[in-house]
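Here is the structure we will look at.
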Amino acid sequence: MSQPSLLVLYGSQTGTAQDTAQRIGRQAQRRRLQVQVLPLDHYNVVRERGWPLNVPSRPGLISESLVVFVSSTAGQGDPPDNMKNFWKFVFRKSLPVGSLRNLDCAVLGLGDSSYPKFNFVAKKLQKRLLQLGASALLPVGLADDQHDLGADAVIDPWLDAFWEKVFSLYPSMAAVIPLREDEPLPPTYTFHFLDDVSEKTEDRLRIPTEQSVPSQSRPFPARLVSNCRVTDSSHFQDVRHIEFDISGSDIQFSAGDVVMMYPCNAPEDVQQFCELLRLDPGATFSLRATGSTAVPPRLPQPCSVRHLVEKYLDVAAVPRRSFFELLSTFATNEVEKEKLLEFSSAAGQDELHSYCNRPRRSALEVLADFPHTTAELKVDFLLDLFPEIQPRSFSIASSLLAHPQRLQILVAVVRYKTKMYKPRRGLCSSWFASLDPRAQGAVYVPLWVKKGSLRFPKEKDPPVIMVGPGTGLAPFRSAVQERIAEGKHDNVLFFGCRSESKDFFYRAEWEEKMEAGHLTLFTAFSRDQEEKVYVQQRVRENAELLWDLIANRSACFYIAGNAKDMPSSVCDALKEVFQQEGGLSSEEAEQMLLTMERTGRFQSETWS
């Protein structure tokens, strides 16, 4: 049998599945296989007419012989954004059984077992591929972020088993001499610097003039109207209420929807990066692909080094193992090379975790720690070494019915200490904190809106019960504003924070709505008394009201906020309400909550 060509397709929400897919692609290249790595929605599943010209074309899934699918799971068991079209297609009932009978495939899922729908997408995809006649080379891989050694504890042995299976299917591969691990692979792109072109500010802004529905590929440059701190100056956390003017955008949204945007790297990080790599930030270049990969659409042609580093390369992120693998191929200093090889090996993951993940050391700081290797880096490899900055999502905290042509969000500025000298900062929230339209003049933020995971009832009758401590309050502020404007006044809100005087967001607004009879509010201020009080205690205390609303009036129950302990604690409290007021057994209470979830009457939106 001749050598196969390998197709690696991925669905990735935060970039982790993409990184793993690209790792598989590099392993295939070292084994001298023809390989292509693509997002699932960039793959022409059926070779349809009208396929975008800038997307590499292949014959279609029914003609593929060897495919690896790598996918994360988003939201409440949803596929990532860049595989949603593929997901709809592959689950069409009209697809004939046996249509993928020529396909050998393997499915690798990346997930977090602290979430109830752990690796749901990968499990469901494998099952569907088998229904369509594909042959699975391996059981579905279920990588888990909660493992002591992270996802690689599953990925490493899964990949070993995958290659072993491929070699058994294609014996001719045994005669191929693979590339050495320390031999650099060709770069995906080459940089061609332009001597007669200088950086232009308007190029860096790239504000589109054509009319179109705002999307990830065509975001709308919304004017920043205000950026106000809403926590007391003495409070440890800086939380911002941020408002955008979306006039002329045609953006529409409902309660529960989210706004998306790409953050920028800090100016000092851009400067340090350019100094370390001896790059002129004002220099411009054109980018050319060395293979079939398309040039990233977010990068203008020509592009300045400053634009590339400020808006595209994720230099402030904690680097993944693949970063060290590639960096090691440039190392000539023996001490640095030995350390980089250790960090990129399976046996060195404990050391890498201690060096990088635990203190949250950034890729930029790693470059500074390995000066000899950094000096050897070639600019052509920058897009292979650094991932693209991923878009951030925020629950919209306002309603167009209450604030026409405006979009508001509630953002906690992330800042914390580790053993590193400099405090750690959240990239997007710190970027937001730096934006000040009063001092900087007109500030525009390119953004777009997408459907969130929370859905509120369209009917007027069902009451809604919302539990949103901290910034988890954001989608419920949108919901309350929208529902009141629609004449829906049965709104119950449980809000928790540390202190009534320091971080009680939108207090005056809630009091006004309570006085009008449009809202019932229960608060839990955890640090205002000796014994801490949390929202789950307020849920228990109001068992009679909640049982009446849920059992007799078909109320919907919502949770939003940090995924650590709060959601499970609130669920436990709610099941206690069912037992106490409804006389249900523990098993019956559990079943009632599951039934509510299945019918959309219990929904949650949590983040880590």
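In case you wondered, yes, glycine gets a Cβ from its N, Cα and C as well.
The annotation FMN binding site is assigned in TrEMBL to 12-17, 72-75, 110-119, D145. For R360, R392, S393, F394, S395, G426, L427, C428, S429, W607, the entry in TrEMBL reads FAD binding site. For T471, S526, R527, K532, V533, Y534, V535, Q536, the entry in TrEMBL reads NADP(+) binding site. The annotation domain 'Flavodoxin-like' is assigned in TrEMBL to 6-163. Annotated domain 'FAD-binding FR-type' per TrEMBL: 217-457, in sequence order.
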TODO: Please list residues from the chain of T471 (NADP(+) binding site) whose Cβ is under 8 angstroms from its Cβ, counting only those at least six apart in sequence.
DONE: V239, L410, V411, A412, F505, G561
Task: Intrachain C-beta neighbours of D112 (FMN binding site), sequence separation six or more, cut-off 8 angstroms - done: F118, D144, D145, Q146, S608
Task: Where the record names R360, R392, S393, F394, S395, G426, L427, C428, S429, W607 as binding FAD, the maximum Cα to Cα distance in Å - done: 26
TODO: Would you mind checking how many other C-beta atoms are within 10 angstroms of the C-beta on L427 (FAD binding site)?
DONE: 21
Task: Fewest Cβ neighbours within 10 Å, where candidates are the binding-site residues V533, V535 - done: V533
Task: Cβ neighbour count (within 10 Å, all chains shown) around S393 (FAD binding site) - done: 19
- [ ] Report, in whole Å, the straight Cα-to-Cα distance of V533 (NADP(+) binding site) from S393 (FAD binding site).
- [x] 30
Open item on the list: Between R360 (FAD binding site) and K532 (NADP(+) binding site), how many Å separate their Cα atoms?
Closed with: 30
- [ ] Do me a favour and check the Cα-Cα span between G75 (FMN binding site) and V535 (NADP(+) binding site); whole Å is fine.
- [x] 23
